[in-house]
Amino acid sequence: MRQLLQLICSALVLSPGTSVALEFNMPAGVTQTSQSIYGLHMTIFYICLVIAIVVFGVMFWSIFHHRKSKGAKASQFHGSVLVEIIWTIIPIVILVAMAVPATKTLVDMYDTSESDIDIQVTGHQWKWHYKYIGEDLGFFSILATSKEEIENRKKKNPNYLLEVDNPLVVPINKKIRFLFTSNDVIHAWWVPDLAIKKDAVPGFINESWTRIDKPGTYRGQCAELCGMHHAFMPIEVKAVSEDDYALWLDEQKALKQAEAASTELEWSQEQLMTAGAKIYEKNCAVCHQADGSGIPQAFPALNGSPIALGPKADHMAIVIQGRLEKGMPAFGEQLSAVDIAAVITYERNSWDNKTGDKVTPAEVQAVMEKQ
Amino acid sequence: MSEHMDTAHHGPAKGWTRWILTTNHKDIGTLYLVFSLIMLFVGGSMAFVIRAELFQPGLQLVVPEFFNQMTTMHGLIMVFGAVMPAFVGLANWQVPLMIGAPDMALPRLNNWSFWILPFAFAMLLSTLFMAGGAPDFGWTFYAPLSTTYAPPSVTFFIFAIHMMGISSIMGAINIIVTIFNMRAPGMKMMDLPLFVWTWLITAFLLIAVMPVLAAVVTMMLMDVHFGTSFFNAAGGGDPVLFQHVFWFFAHPEVYIMVLPAFGVVSQIVPTFSRKPLFGYHSMVYATAAIAVMSFIVWAHHMFTVGMPLTGELFFMYTTMLIAVPTGVKVFNWVSTMFKGSMTFETPMLFAIAFIVLFTIGGLSGLMLAIAPADFQYHDTYFVVAHFHYVLVPGSVFGIIAGVYYWLPKWCGKMYNEKLGQLHFWLSFIGVNLTFFPMHFVGLAGMPRRIPDYALQFADFNMITSLGAFLFGTTQLLFVYIIIKTVRSGKAAEQLPWDGAKGLEWSVPTPAPYHTFSTPPVVGEK
């Protein structure tokens, strides 16, 4: 089957994806839960298969033997209470037999008590935020696939659309509790190998847990339609040994301190522009577009916009506080003062915008602290 | 009988105003059917856009925001514009003929229920040309994506939904009143043909749930324009409330879209098996049981939303239970065929395909009922495969089977059997090529409603797209067959199917403009 399909596709010379293995079943995954779900899935599948074979078997047997062209005479029987009762009872028995293991798995999945690590997962249009509760650590995780690949200007890499800049790092063999919520619309956090799919609902918190058996990288995607870039907010979970996890935590905290310190530093215009370009591409280009032209009727252009050419204070205010009713997030809650300073500097000095302004991290810090 | 059906005196009005002003159930039935066929192609062309974009990974043809508009409009148009009106069209033609009534009970209401629809859909389609684009939040329009974050055209969407709801409710009232009051003398409820029974039950479902849909879109309207916070957590509301109210409507809605197809198939299978329907009574009870149970299973669409454990278990058990009456129906059809004397004309082919493919959709539905497994299936292409199996080779094949079955009676001409069979086989291959691979990509992890996907899904998506192009273009053949039949088909006999039973076959062919002006007498068995 697979060879046939690959043959068809390579004959058409259309698909760039033929080198990737073809998958057609649910992954068994790397947790006990995912494996018991896989077991349920296969059991119910085989039950369905048997039912289908029996029902269609009788049907096609009739179709072949009881046809007029073969001289079949129609019987005139038209009902039997006993038969009706039998084929009501048998399915009920099968269903009860199926419900028992399903209930057991479900009860187990709902037991989120006694976790070792708690991670808050917040959905944003269109990225995930991970906060390690009790660790003073949190970061955004954004699609890392390049625009060139999406627009077919560059060969797609094997992890196309399933790769992020900052993966979620977790230790193996620990009970990890996830707390899901959202900042805007409903998203759903789904990693098939962990068998977790849970909606991230704004204003509410959902729970789920996992205990990963095997180190590795496990990929998933947002599973609830969340707007324009729903297809472009993947999830990447890196499961590492406990020691590696401890090392990683220290590293992240050191990075965070360095970042905080950088607010105090003197930033040159070039440094801000270079940093700003990167921040812009990750956070702003989705809506306002890489060339600052925006999307008519939906997202305003920044190129030549009154905000980007007007007073710095207004520009800082809108980036920091957002304009929620129009879908503009409050970046003061998402980015550091350095990042905001850099991106505003970038926006005021890119494309046809030539204000020559420089916005310093200290200025941004001052505005943010006032709120 | 033909003496009291003097068409010269009571024929249709002349000119195009006939179609605007008509209160004749046959005219209105035709209007509904033609309208739904047009909508099938409008919705189908949107599916074309979707499948063309998904032919390969990467963004090729459309931008993501337009892709979302296409998936949303495709769903809305197929559900409210194609499937539902087609069944109302079949009911308009067939219910009076099958119960020996001269017309629907409320003919003017009938005219109005149809004529609302073109305006509702014109309004819905006009949103494609509005600033900010058409609705792009999925046909399930979950808040707050459809409220706080919606394009401005959402208001037109809400109004259009209201109009469709009014149309459906009026149509349902008409059908109930007709069936209760206008049966031929001597025809008891348990003498009703199954198509009439399934429609009666469907009509009750419509009256029960369309107001719920109206309520939920009104709450949306209040949130969008009048500052309420039904679905806005920041104002004390709850986005999940939207889903509960929506699915309380939309789960019975899926049975609304399939019960009349059960009815059509229950007429066709006995005819071509030349054998009475097996288990008539249990068919009626099973239909009623499905209808009642459809009200207590809605949250199985929301297993991942974060319900308490008891909620999950309740909805898992009730959903599994609904497989029982559905199974009874399938077993009864198979038993009807068993020891029959079968022939396989086009209506029978579509009916058999309905039974097989609907059962496949039903079995994947049973898999989806297992809540823990649903965590993996939910919002993937596995679900897309499941509901397209019950709606396309399910409802749509049921409608097509009904059209082939009754077309000779409607227009007095016989369709070309060879072309009909060609239409069937191309549709059958196309539909499976389109929807079967969706099971695989869904299980392998492809979410629904995405314009671009990871590379491991590429091969199956290409097959699906090719199947979709085949299935879509094949339906042009259906249009050709219908037009050719009406214009130049061979004259059909009074009883075109030798195994057919029922009052609809007792009237002349083609069915005169007015039938049963004097009620037939039934019950002298």
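We number each residue from 1, going along the chain as drawn.
Even glycines carry a Cβ here, placed using N, Cα and C.
The following features are taken from TrEMBL:
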type     : residues  : note
DOMAIN   : B:19-523  : domain 'Cytochrome oxidase subunit I profile'
TRANSMEM : B:31-52   : transmembrane segment
TRANSMEM : B:72-93   : transmembrane segment
TRANSMEM : B:114-134 : transmembrane segment
TRANSMEM : B:154-182 : transmembrane segment
TRANSMEM : B:194-221 : transmembrane segment
TRANSMEM : B:241-265 : transmembrane segment
TRANSMEM : B:277-301 : transmembrane segment
TRANSMEM : B:313-334 : transmembrane segment
TRANSMEM : B:346-371 : transmembrane segment
TRANSMEM : B:383-407 : transmembrane segment
TRANSMEM : B:419-440 : transmembrane segment
TRANSMEM : B:460-483 : transmembrane segment
Contact between the transmembrane segment (B:31-52) and the transmembrane segment (B:313-334) (at least 3 Cβ pairs under 8 Å, separation 6+): no
Stretch among B:72-93, B:114-134, B:313-334, B:419-440, B:460-483 sharing the most Cβ pairs under 8 Å with the transmembrane segment (B:383-407): B:419-440
Confidence summary (mean pLDDT) of the domain 'Cytochrome oxidase subunit I profile' (B:19-523): 95
Long-range environment of the transmembrane segment (B:114-134) - Cβ separation under 8 angstroms, sequence gap at least 6: 20, 28, 31-32, 35, 39, 42, 65-66, 69, 72-73, 76-77, 81, 85, 88, 151-153, 156-157, 159-160, 163-164, 166-167
